[in-house]
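Working notes for the structure below.
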């Protein structure tokens, strides 16, 4: 029987059809994804039984599937890495950490979705099934180690995301967002395929490990061209400048719960892909891709936070904010040190809670007013202290104000960057963090400082809270959970630091990269 690490196409070429049937695919490694798939099928089945049955049973089915996936991921922590699908997927600590972020972001996104779907008249079962399909693609992408599995996972995530963006069929802005996302995403997929074909032609393999070895022995200009194509796809997925143009329009036009998932789950999968393919495949071009990522990080932090200053829509402001946040996370990737990788993982976990908490508040406000204009939040503290407090804490955390969770995440990133000599990135990060604090505090000031007579017309006509309505208890629970984690997580951040460090320590790919970097430094 061929080794599990043997490239997929190599095995297919040397084995007969009968032998292929006897190969172990080691489905245990993808058991969490299996539960997500079962939940997806379950939601489709109950949706066939009628809308009322779907509304009743879709939420518990989703909770059971995602909860089971998170529990199994927890049991797999710090275990020996396992390969699946003939070496096309690996379950190590790094993939477990990012798969957990994706699954948890989906769970919270669903908790804040039910009331929104009910009020907009959207079919609940279909929405949940498409979101679970996107989750399945994102989770598989986090552990993919073969060009074929990467492309399949990437397209599963992308196609489901296009459908989610245009889910409000009667809303012209939602349809426009879906079309823009589809066109740009299709171009990114074509660019990735071209880069992947070059890599396969140069190495004769689709395995990232085999490609990395081939490029180290004979780096060529064609490999550098493939790097540019692959990097463009990664930058599109994480919404880095200048591949960010789709982000503001898609975020503004898409349903708000969908935007919440795209801003965290999809972005986390993009960063997992970046590490897998750049660290595992392009070690021979280490200096080149780090230089390119440095430029992307500086542009993303600068443009994202500066343009956010001029926004009047809350969702567009958070769209540009997410571009800036991607720039911060890239600091850890550019460092290429143990502290850098750990800081990147830690910040993605922190970003999960503070960003989804902010979106939960925005959804709650839009459900009552139908608006996402920043000016309409004026004087909100008088009518809704919960949204005011929750949104204020989450925005302060995104800005990096102590003692919020986001502060410790940024400090860890800046510390890792400074220790590695990435002074430009750290300085730009500090300056743009100050800029971001300005527009975050402007929103807080709008909600809190305004006198009663200066409150917006929508706030003056603010309806009474009906917490017993369908979907409202889960929305409140998600909001309180995210706000609590954002506020208290900073004070109790030591377990998160240990978790992020063990994610790096339990990942052979990162340990090999660190060893190579140390040897290179010793020779230099």
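Cβ atoms are placed via backbone N, Cα and C, with glycine included.
Of the given residue ranges 124-141, 448-465, Swiss-Prot assigns the label transmembrane segment to 124-141. Long-range contacts of the transmembrane segment (317-337) within its own chain (CB-CB distance under 8 A, at least 6 residues past either end) are made by residues 238-241, 244, 247-248, 250-252, 259, 263, 267, 271, 274-275, 278-279, 286, 290, 293-294, 296-305, 307-308, 311, 343-345, 347-348, 351, 355, 358-359, 362, 374, 398, 410, 413-414, 416-417, 419-420, 422, 425-426, 429, 432-433, 436, 439, 443, 513-514, 517.
Counting same-chain residues at least six beyond the ends of the transmembrane segment (57-77), those with a Cβ under 8 angstroms from any Cβ of the stretch are 31-33, 35-36, 38-40, 42-43, 46-47, 91, 93, 96, 99-100, 103-104, 106-107, 110, 114, 124-125, 128, 132, 135, 139, 474, 502, 506. Within its own chain, the transmembrane segment (94-114) is flanked in space by residues 32, 36, 59, 62-63, 66-67, 69-70, 73-74, 76-77, 124, 127-128, 131-132, 134-135, 138-139, 142-143, 257-258, 260-261, 264-265, 268-269, 271-272, 275, 345, 348-349, 352, 356, 359-360, 363, 470-471, 474-475, 477-479, 481-482, 499-500, 503-504, 506-507, 509-510, which lie at least six positions past its ends and keep a Cβ under 8 Å from the stretch. Contact between the transmembrane segment (291-311) and the transmembrane segment (223-243) is present: at least three CB pairs lie under 8 Å, with pairs separated by 6 or more positions in sequence.
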